[in-house]
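Worksheet: one structure, shown below.
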Amino acid sequence: MGSLYSEYLNPSKVREHYNYTKETLDTQETPSRQVALAVIIILCFAIVAENLLVLIAVARNSKFHSAMYLFLGNLAASDLLAGVAFVANTLLSGPVTLGLTPVQWFAREGSAFITLSASVFSLLAIAIERHVAIAKVKLYGSDKSCRMLLLIAASWLISLALGGLPILGWNCLGHLEACSTVLPLYTKHYVLCVVTIFSVILLAIVALYVRIYCVVRSSHADVAGPQTLALLKTVTIVLGVFIVCWLPAFSILLLDYACPVRSCPVLYKAHYFFAFATLNSLLNPVIYTWRSRDLRREVLRPLRCCQRAAGVQGRRGGTPGHRLLPLRSSSSLERGTHMPTSPTFLEGNTVV
């Protein structure tokens, strides 16, 4: 066991693997590279801020404490952590990479894989929840909150296990011929395994949504109403954006598995594909706040409070008693009835 991990703190191992898989080692900080890094870091901070506002909105308003919103909050949490992981990955890239020990390199890359896994499992949970709600299946029972939290916890445990496999031993230290070109300390078989798992899960999600649409089209008007169709459109947009953003990165990883070492120059530009994939975590909060008036209002409440407080301080003799009004539902259905017992997401207040 000691020999397996004996190279984890060797400061020359990362350079050795990069020398083997890369034609040249770009260790110079050019102005264009510095500008690109600055832009990526700014985008990552925007990712963190957006998803933090969504998490605060879901946590502070009991109206959003249904199954669908909890899963949505879990997706926002994974996107927020993805933003943090991308910042760390960016700051530890370039010339800094060659000074890392293998255990530091595994932590850098593993964090990105963990957050990606959590996002995929969150999308799967959302698809299952939508199928359960549309099909009127009573899956949760009286202790639904406990079961939902257990499902979310299980998704994170699986994500941690999947992202932690390389640091636990499934890597190519001591076996250079088995190494990935894009991720030089990961074995090609691990990269293929992860991409295959994600692809199977995404196909299962697509199959669930196809079945949901079939159920909706064959149902009565109370099920296949405009609100339900708008809801399905929202979650389908989220899924579609994920696939569009991550498909190039998945494709480059599959090409990495198929190409012998140093035979596919496009693999040396893989960072552009992963930078494009980070847009997914930036766009998700925009999508589900744009589609829901109530969630949008709740997300913007902290910003409006800060703006109003600043306006009061800068204004003399303001009107006393003028304050922010509480959140009101934009749905006449919710104003006239109780919240539905089945898990819902943006129902009654989703904008088509």
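Including glycine, each Cβ sits where the backbone N, Cα and C put it.
Automatic, uncurated: that is what TrEMBL annotation is.
Positions annotated as transmembrane segment by TrEMBL: 35-58 (among others).
Annotation source TrEMBL lists domain 'G-protein coupled receptors family 1 profile' at 50-288.
Residues or ranges marked as transmembrane segment by TrEMBL: 70-92 (among others).
According to TrEMBL, the feature transmembrane segment maps to 112-128 (among others). Counting only same-chain residues 6+ beyond the ends of the transmembrane segment (112-128), those with a CB under 8 A from a CB of the stretch are 68, 71-72, 74-75, 77-79, 81-82, 85-86, 89, 151-152, 155-156, 158-160, 162-164, 194, 198, 201-202, 204-205, 208-209, 235, 238-239, 242, 246, 280-281, 345.
According to TrEMBL, the feature transmembrane segment maps to 149-169 (among others). Here the transmembrane segment (149-169) has Cβ contacts under 8 Å with residues 4-5, 70-71, 74, 103, 106-107, 109-115, 117-118, 121-122, 124-125, 185-187, 190, 194, 197 of the same chain, all six or more residues outside its ends.
What TrEMBL lists as disulfide bond is C172-C179 (among others). Sequence-distant contacts (6 or more apart, same chain, Cβ under 8 Å) of C172 (disulfide bond) comprise H17, A178, C179, S180, P184, L185, Y186, T187, K188.
Positions annotated as transmembrane segment by TrEMBL: 189-210 (among others). Here the transmembrane segment (189-210) has Cβ contacts under 8 Å with residues 113, 116-117, 120-121, 123-124, 127-128, 130-131, 162, 165-166, 170-171, 178, 180, 182-183, 232, 235-236, 239, 242-243, 246, 250, 253-254, 256-257 of the same chain, all six or more residues outside its ends.
Summarising the annotation, TrEMBL assigns transmembrane segment to 230-250 (among others).
All protein chains included, C259 (disulfide bond) registers 17 other Cβ atoms within 10 Å of its own Cβ. Marked as disulfide bond by TrEMBL: C259-C264 (among others).
According to TrEMBL, the transmembrane segment annotation covers 270-290 (among others). Within its own chain, the transmembrane segment (270-290) has Cβ neighbours under 8 Å at 40, 43-44, 46-47, 50-51, 53-54, 72, 75-76, 79-80, 82-83, 86, 93, 119, 182, 234, 237-238, 241-242, 245-246, 248-249, 251-252, 256, 296, 299, 346, 351, counting only residues six or more beyond its boundaries.
The annotation region 'Disordered' is assigned in TrEMBL to 332-352.
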Same-chain residue ranges lying at least 6 outside the transmembrane segment (70-92) that approach it to Cβ under 8 Å: 37, 40-41, 44-48, 51-52, 54-55, 58-59, 64, 100, 104, 108-109, 111-112, 114-116, 118-119, 122-123, 125-126, 129, 148-149, 152, 155, 238, 278, 280-281, 284-285, 288, 345
Which listed residue (C179, C264) has most other Cβ within 10 Å, given these are disulfide-bonded residues: C179
